[in-house]
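Visitor: Below is a structure I'd like to ask you about.
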Ligand code: GLY
C-alpha cells in the first residue's frame, strides 16, 4: 500500500488577507511534510500525531496554541485519535500545549478512551507534557472587543450559533487522516472548541464517530459546529459508507447534505480517506484549507 497523509485547518469563512493565506498554506505544507517524514518506518498514528502537533503549534488554527476562549476568557481543549480498533481522547483539557499528545497517551497507555478535565490535566503533568502558554493576544483582543460591545449594550446576535459563525470567520478545529505502508488507517482531531462557549462545553472532536473515526475501510475527520456533528454521528456514517465501497467524496457529500438540510450551511466540513488511498475534502462553508501528501512526494493544498 502507498502511504498517504491528509490534514485540514478547519472549515469556515476564512475571510483572510494575503499574508494569512500564505501562512495557512505554509503550515499545512509543513504539517504534511513533517508528518509524512516517518512514512517508511512509522505508522499512520505516528503520521497524524506529528501533523496535528505542527498544526497545534502554529497558532494559526483553533487548536493547541491558537485555541479560542470560552465566555470566561479561558482556554479548554478537546482532542481524539483512532487507530487499530483503539481510540484515545481528552476533553476539557486546559494544561497541555498539545492535547493530541495527551490523547495518544490515553490511547496507548490506558485501557480507557476518554479522560476529562482536571484528571486529563493531571495526567498531562504526570507524563511531563509541556504546559499551554495561555490565549494568544489576538484571541484575547477578539474576546475583549466582544465583551466590551456587550457591556455597552450593543445589540449583538450572541446566540451560540452566531458566535460560532463569528469564529468561523477565522477557522475551526484541525484534523488528519492517514494510511500507512501496512494499510492501517488512522484519524485524529484537535480543537479549542467554540468561541464564547459555556465553560464545560465539549464538542465533537474528542468523540469517536463524531469528530473522528477510522477502521479497516477508511478514516474521516470533522470540523465545524460540534453539536451538529455529534447529532449526526458524522464520521462514523462516512466510514460506514466507505465500507460499502462508496467513494470518499460521495460518502462525505451524503452526510454533508443531511447536516446542511437539518442545520443550514456554514456549519461543517470533512476529510476522508479510504483503504485504497482515495482522499476527499468537502465542506458547506466558504472554505476549508486542506491538503495531502503521498509517496510521490507531491504536496497538494486545496480549499482556500
Ligand atoms: N468542531 C469543534 C467543536 O465544535 O468543538
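The chain as shown is numbered from 1 upward.
Just so it is clear, glycine is given a Cβ too, placed from its N, Cα and C backbone atoms.
Note that TrEMBL annotation is computational and uncurated.
So TrEMBL lists these for the protein:
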{"type": "ACT_SITE", "residues": "173", "note": "active site, nucleophile"}
{"type": "BINDING", "residues": "201, 202, 203, 204, 223, 224, 225, 226", "note": "substrate binding site"}
Visitor: What does DSSP assign residue 226 (substrate binding site), in three states?
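Guide: Assignment for residue 226 (substrate binding site) reads helix.
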Visitor: Would you please pick out, from the binding-site residues 202, 225, the one with the fewest other Cβ atoms within 10 Å of its Cβ?
Guide: 202
Visitor: Checking the recorded positions 173, 201, 202, 203, 204, 226: which ones have Cβ within under 6 Å of ligand 1?
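Guide: Among the recorded positions listed, those whose Cβ sits under 6 Å from ligand 1 are 173, 203, 204, 226.
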Visitor: Express the distance between the Cα positions of residue 203 (substrate binding site) and residue 173 (active site, nucleophile) as a whole number of Å.
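Guide: Given the Cα positions, residue 203 (substrate binding site) is 10 Å from residue 173 (active site, nucleophile).
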Visitor: Including all protein chains displayed, how many Cβ atoms other than that of residue 201 (substrate binding site) lie within 10 Å of its Cβ?
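Guide: Total other Cβ atoms inside 10 Å, all chains included: 18.
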Visitor: If one measures from the C-alpha of residue 202 (substrate binding site) to the C-alpha of the residue listed as 'active site, nucleophile', what distance in angstrom results, rounded to a whole number?
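Guide: If we compare the Cα positions of residue 202 (substrate binding site) and the residue listed as 'active site, nucleophile', the gap is 13 Å.
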Visitor: Checking the contact step here: among the binding-site residues 201, 223, 224, which have a Cα within 10 Å of the Cα of residue 173 (active site, nucleophile)?
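Guide: Within 10 Å Cα-Cα: 223, 224.
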Visitor: May I ask you to report the DSSP-based helix, strand or coil state of residue 202 (substrate binding site)?
Guide: coil
Visitor: Just to confirm: which same-chain residues, 6+ apart in sequence, have a Cβ under 8 Å from the Cβ of residue 226 (substrate binding site)?
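Guide: 191, 193, 194, 202, 203, 204, 205, 210, 211 - these are the non-local Cβ neighbours of residue 226 (substrate binding site), listed in sequence order.
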Visitor: Among the binding-site residues 203, 224, whose Cβ has the fewest other Cβ atoms within 10 Å?
Guide: 203
Visitor: How far apart, in Å, are the two Cα atoms that lie farthest from each other among 201, 202, 203, 204, 223, 224, 225, 226, the residues recorded as binding substrate?
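Guide: Farthest Cα pair among residues binding substrate: 16 Å.
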Visitor: Could you find out if DSSP has residue 173 (active site, nucleophile) as helix, strand or coil?
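Guide: The three-state answer is coil.
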